Amino acid sequence: MITLDVSKVFPGNTPQILATVTGTLTALSDGMHYGWSAPMIPVLQSPSSPVEIADSHIVWIENIYMFGGLVGLPITMFTLDKLGRKNTMLIAAVEYLIAWLLIAFASSIEIIFVARFLTGIAADTNFVATPIYIAEISQKKIRGRLGSLIYVMMLIGILLIYSIGPFVSIVASSTVGAALIILQLSTFSFMPDSPYYLLMKNKKEQARRALQILRSSKDVDDELDEIAKVVEEENKVRGRPKELLTVKSNRKAITIMTVLCFGQHYSSISVMLMNIHMILEDAAAIIPASTAAIVFAALMLLACTLSAFLIDKVGRKILLLSSSFLTGLSLLVLASYFAIKENNIDVTDYNWVPVAAVMVYAVTFKYGLGLIPIVMTAELFPTNIKALGCTLSDAMYVTAGASSVYLFHFLHRNFGMNVPFFLFGCSCLLVGVFVVFVIPETKGKTLDEIQKLLKGEPLSTGKSKEIKTNTVP
């Protein structure tokens, strides 16, 4: 595959930024798919809909996206180390494109199901491969910010579908999504692959060339040698599934990622993104649900963007801790409002409360709980087992997402809207406690130092030698 030498045109860190931006264009499309059901289900339920759906189809439209992610796991595990990070990301892009075409020309609910299922496979592949790719191409000083960009892009996609979905046809919104994927395929195809992956495959000259492009410099021998040493050492100890349980640092990494993945979804994020219009309409909110949804997505985007700049300065732990507690409080306020309303108490004078609670949630969730886990996923596992660890983390993520959506609909249908939000609020508070006592701060640590932290070993008091491609900000 042809690789474009962007370093001749863009000096400094720009090639790394350009590779990250073009690589994360798929996240724009995924954001549109993730939030698709919120504005589009009312469209599908309208008399003019090209597809006839029943109420029983709604939970499947939402959850089949998650189930697709589970099926994508073995695909991701195979392609990451066999075909490479870059090619895996391109495969996901093609899957997204096919899904948009199926949705655009769907004539039955079964076609919608197939498209959503395929999107889930693509999302799983993309959100495992992309963070690894970014972590392996970027330098220490900008790795945190670049790693955050995938979530920023996803939020732009959510904002986009919320903004256009209620006002245009299904064909038109699908065309926008497909166009973004075509743009990604047309640009990212020419970006360099991960030097780590190329050295894993004994392609040293290709790795050298990729590193020269990414660093905008011909003098990369020292860094290339350091990467080669790291890869050689880790290749001697090939990662096996049992090592996730037998190695202490891996066990702790899995524990952390399990709690964070379930904590993300049991903070109601998938429920919110897929049902925000219905939730606000049920609350009889002060402003139209379609307008509130756009503001909601915009606030999430703003919070995530600000967090992307703060993450390298403030650190992961304090953002995650404050986010967990504040998100929990906002959900408990929302749950209390629904509890009062569902007891037939007049809440007309307080119909601003659910809107305010949801907007506070958008900010507090996204700057910490919504961002930090995906950044930490690429940091906590060593290279020799990173693909397996990240894939397993993603499996837990989609499992938590599917179960949270199903549980929400079950509790809402049988006990009212307040019960699921009380549950989600308490879940966030418990995650906050876990952060205090278990999660280490990885800011400013090399990957070796992070492994020592996870093993409970003391760090060297002297200033360690910096390996640019093997450190996290």
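Cβ coordinates are placed from backbone N, Cα and C, and glycine is handled just like the others.
Curation plays no part in TrEMBL annotations; they are all automatic predictions.
Per TrEMBL, the feature domain 'Major facilitator superfamily (MFS) profile' maps to 1-443.
Positions annotated as transmembrane segment by TrEMBL: 58-80 (among others). With a threshold of 8 Å between CB atoms, the same-chain residues lying at least 6 positions outside the transmembrane segment (58-80) that come near it are 33-34, 37, 41, 87-88, 91, 112-113, 116-125, 128-129, 132, 270, 274-275, 387-388, 391, 394-395, 397-399, 401-402, 405-406, 409.
Marked as transmembrane segment by TrEMBL: 87-105 (among others). Residues 23, 25-26, 29-30, 33, 76, 79-80, 111-112, 114-116, 118-119, 121-123, 125-126, 129-130, 133, 170-171, 174-175, 177-178, 181-182, 184-185, 188-189, 193 of the same chain lie 6+ residues outside the transmembrane segment (87-105) yet bring a C-beta within less than 8 angstroms of a C-beta in it.
Residues or ranges marked as transmembrane segment by TrEMBL: 111-134 (among others).
For 146-164 (among others), the entry in TrEMBL reads transmembrane segment.
The transmembrane segment annotation in TrEMBL covers 170-191 (among others).
Sequence-distant contacts of the transmembrane segment (254-280) (same chain, at least 6 residues past either end, Cβ-Cβ under 8 Å): 34-35, 37-39, 41-42, 62, 66, 158, 162, 244-245, 289-290, 292-293, 296, 324, 327-328, 331, 354-355, 358, 361, 365, 369-370, 372-373, 376-377, 380, 389, 392-393, 396-397, 400-401, 403-405, 408, 417, 420-421, 423-424, 427-428, 430-431, 434, 438-439. Summarising the annotation, TrEMBL assigns transmembrane segment to 254-280 (among others).
According to TrEMBL, the transmembrane segment annotation covers 286-311 (among others). Sequence-distant contacts of the transmembrane segment (286-311) (same chain, at least 6 residues past either end, Cβ-Cβ under 8 Å): 35, 38-39, 144-145, 148-149, 151-152, 155-156, 158-159, 162-163, 166, 272, 276-278, 280, 319, 351-352, 355, 358-359, 362-368, 370-372, 375, 443, 473.
Among the features that TrEMBL reports, transmembrane segment is placed at 318-340 (among others).
Feature annotation from TrEMBL assigns transmembrane segment to 352-375 (among others).
Under the heading transmembrane segment, TrEMBL lists 387-409 (among others).
TrEMBL lists 421-439 (among others) with the feature transmembrane segment.
Among 111-134, 146-164, 170-191, 318-340, 318-340 has the largest number of CB pairs under 8 A with the transmembrane segment (421-439). Counting residues 6+ beyond its ends, the transmembrane segment (387-409) has Cβ neighbours under 8 Å at 58-59, 62-63, 66-67, 69-70, 73, 76-77, 80-81, 120, 124, 127-128, 131-132, 239, 241, 244, 250, 253-254, 257-258, 261-262, 264-266, 268, 270-271, 274-275, 377-378, 380-381, 420, 423-424 in the same chain. If you count C-beta pairs under 8 angstroms between the transmembrane segment (352-375) and each of 111-134, 146-164, 170-191, the highest count goes to 146-164.
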